[in-house]
Structure formats: structure tokens, C-alpha cells
Amino acid sequence: MLSVAILAAGKGTRMESSLPKVLHKISGKSLLQRVIDSCVELKPDQIFVITGHKSKEVEKSISNEKKIHIVIQEPQSGTGHAIQILCREVKKHEGKLLVLNGDVPLIRPSTLKRLLYLHDSKNADVSLITTKKRNPHGYGRVFLKGDFIERIVEEKDCNDLERENRLINAGVYCFNWGKLSEIINTLRSNNNQKEIYLTDTISMLKNSLSLEVEDNGELQGINNRIQLSECEENMQNSIKEKHMLNGVTFINKASCSISEEAEIGKDVIIEANTHLRGNTKIKSHCIIGPNTFIENSYVGLNCEISNSTVYASQIMDYIKIGPYSHIRPNSKISSFSKIGNFVEIKNSQLEEESKVNHLSYIGDSIIGRSTNIGAGTITANFDGEKKHQTKIGKNSSIGANTVFVAPINLGESVTTGAGSVITKDSKDNSLAISRTQQVNIENWERKKS
């Protein structure tokens, strides 16, 4: 039986934030959620999240997770105290207990599996992950005696000689839960921090083993915004390197961010300052950017999107968008269409070969195939209470500065005169025009003030 305990009760004072530390995000997911995701890969029988500071916020953030049990630690008196509370609340202490911090978001499932394998193969009382750091400041030092761990000394309790040891405790443990439960309540806060340390159990258990892993960033704990930024950078480098090896070009890799869920096809060029968020999919031979933000959207083959934002929409094949366009949720731009500069599309569908080239707002609309929308066109979709739809049939030509007062339905091959305010439906092959006749008054003189 495998149980997991994730320590997430701390205040995270050094983050200087009103948000609990474990709820800060790396590439769109909270630190805690990333740790949970790694642990789920192990297929544990149960997962305990031990929380304390702003526990309701933490619990709400993971409310959709299955097999998660919340344990409240009050007051927060150290890692050992957290496990004491867990052991009191859980009656059966069977099998293995994996304990890790909620602020190590890059921990890999494969590393955790290696730890579990070592623990099982050696029938250990406790096994933990260690690594050697060039600068071990802030970490507990691990001291070995032969193949076994003799003791762990926390940074603030180290003397000068002990601080020279570069082998550190990564804060990831696998215990024989039965043996741990026999000694856990004997722990005391006899240290400079006046906290109950889980590390004190190491010297009390006979068969204590170390799994030393390379310091490659996955064990980085997050205590401040600098470390949060470093962790984000490590994550982003890993994501972008994967895409580059699969045929994606980044013009300025450091200025871009890509979500883990994003899919990018071969021969896509990602220009500078481009950000792909959420479940975004980019098909092959696209040029995305510069200065472009796409979230939870589909982009088809051979598209170009420049200096624009796209949210929760579908951009089909061979489409050009931008610069300075805003595609809002629930929009679909069909193949061979063009969205030009300073255009906003919202909850609308444009059929194939349609064009909205300049300075227009298209909201709650259906635009037919091969229709051209002139500069400055507005669909006035809101009457103060409700949104209404505009429908324009295929092969239509909409004059510049046309305003459609929805709800309205235009047939196929309709033309509107420039500057018209269209308030009535129009049939196929008609001209709709609504404007006053121009009057020129000769010899006009403006009044002088």
C-alpha cells in the first residue's frame, strides 16, 4: 500500500504575498497542483494534503481532485509536527508513506519511482532523496556512514564545519509507515527553530538510505519570488527545447512562454514575445508573432498571426490575422480569410474567403463566404439589455463605416453604401443605403468668436 503526504501548511513568508505559497503558479499550474500531478503518476492508494495557513483557499484549489484528503495542521510547528497530526488522524499505518513538500513543482514521477524502488529493494525503514549543491545554503545537510544516513542537520543548526558539507536533503522521504508511527510522537522541538523536525526520525530508524540524484533543477524548492522565477525558467526551457527538437523555430526563445498542454506542428516559426497558453494547438507551417497571445485556441495550417490576441477560438487554414487584432471567445475564422489591423471579432463565425481588413467590430455575427467588410464597420449588437445577432450572406460587399443595428439579416450578394446605418433586413442582390443627402452651401463663413 502506498500513501502520500504533501506538506503544504507553511505561510511562505518570504514570498511577500497574501496568496499561500503553494498556490503560486509555474506555467499556469500551482506549485501544489504540480506536486499532486507527479504523485498521481505513482497510482497511490491515498493522498493527504497537510495544510494550515489559509487552508480553505488551498482546499478549494484542489477540490476537484480524487483521492485527496485534507489534514489541518494548527499551529504550524514543523514538518515532524505535521506527520504527528497525520498519524493521529489516520488509524491504519500500513505500507509506505511518501512525504514531500508542496513547493517542489518540478519533481519528476520517474525520480519518485526510483526512490520507491530503492526503498522496496533494500527493505528500508526510510529512504530519502539527496543531491549535491554548489551552494547548499538554506538546506539541511545529510551525513552518511557507509551506505546509510547517520543524521540530517538543518542549516540553522549547523556549525561551521557541518556547513561545508554539500550533500543536502531534498525533502522527499519514503517511510515504512508502521515503523515511523512507532517513533513519531517521541520527536521534540529541541533546536534553534523550536520546531519539530521530521528529519530527526532519520537517526532513530536503523535502515536509512539515500538516493542521490543530479542537481538538475527538479528538486528546487520555492521560498521566494527569485526561486519562483528560476523554476518558471527551467520549466519553460524544457518545454521549448522539446518543441525545437520536434521542428519548431523560436526567433527569441527567452521572450516567449508556452504552456505544457500546447501542441505545435512542424515548421512553425514562433516570433519574439509570443505566448501560447492553455490547450492551444498550432498546425504546421504557421508564423506566430511577434507580440502575440493565444489561449485555448486552434490555429490551422499556414496561418500568420501578428501582434494580436486570440482567446478560445478556431482559426482555420491559410488565414492572416493582424496586426493589432483581437479575436474573442467562441469565434471561428474559416479558411482563406483575412482579419486586418485594429479589428475585434467576438462570438462570431466568418465563412471561407471573408475579409475584415480595417478598424471594425464584429460581434455575435455570421458572415457569409467571400464577403468583404469595409473599414469602420460596426455590428451594434447590444440594446442595453440583450445581445442580438447580425447575419450577412455570402458574396456581400459592406461599405466603409456601415453600422448594423442588430438583430438584422442580410441576404446574399448584398451591398451597403458607405456611411449607412442599417436597421432593416435586406434581400439577396440588393443595395442597402441609409444616409442623408449631401448639401453644399457655397460661400460659407464660419462664425468668428
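Sequential numbering from 1, following the chain as shown.
Glycine residues also receive a Cβ, built from the backbone N, Cα and C atoms like all the rest.
Residues or ranges marked as region 'Pyrophosphorylase' in Swiss-Prot (evidence: sequence analysis): 1-225.
Within 10 Å of the Cβ of N169 (UDP-N-acetyl-alpha-D-glucosamine binding site) there are 25 other Cβ atoms, across all protein chains. Here Swiss-Prot flags 7-10, K21, Q73, 78-79, G140, E154, N169, N223, R328, K346, Y361, N372 as UDP-N-acetyl-alpha-D-glucosamine binding site.
Sequence annotations record features per position, and here Swiss-Prot assigns Mg(2+) binding site to D103, N223 based on sequence analysis. Sequence-distant neighbours of D103 (Mg(2+) binding site) (same chain, six or more apart, CB under 8 Å from its CB) are A8, G10, G12, K21, V22, L31, V35, G221, I222, N223, listed in sequence order.
Per Swiss-Prot, region 'Linker' is recorded for 226-246, and the stated evidence type is sequence analysis. For the region 'Linker' (226-246), the predicted model reports an average pLDDT of 96.
The region 'N-acetyltransferase' annotation in Swiss-Prot covers 247-449 and is backed by sequence analysis.
According to Swiss-Prot, the active site, proton acceptor annotation covers H358, on the basis of sequence analysis. H358 (active site, proton acceptor) has a Cβ environment of 15 other Cβ atoms inside 10 Å.
In the shown protein chains, 19 other C-beta atoms lie within 10 A of the C-beta of A375 (acetyl-CoA binding site). Under the heading acetyl-CoA binding site, Swiss-Prot lists A375, A418, R435.
Of all the recorded positions in the list H358, A375, A418, the shortest Cα-Cα distance to A9 (UDP-N-acetyl-alpha-D-glucosamine binding site) is found for H358. Nearest by CA distance to A418 (acetyl-CoA binding site), out of the binding-site residues L7, G78, G140, Y361, is Y361.
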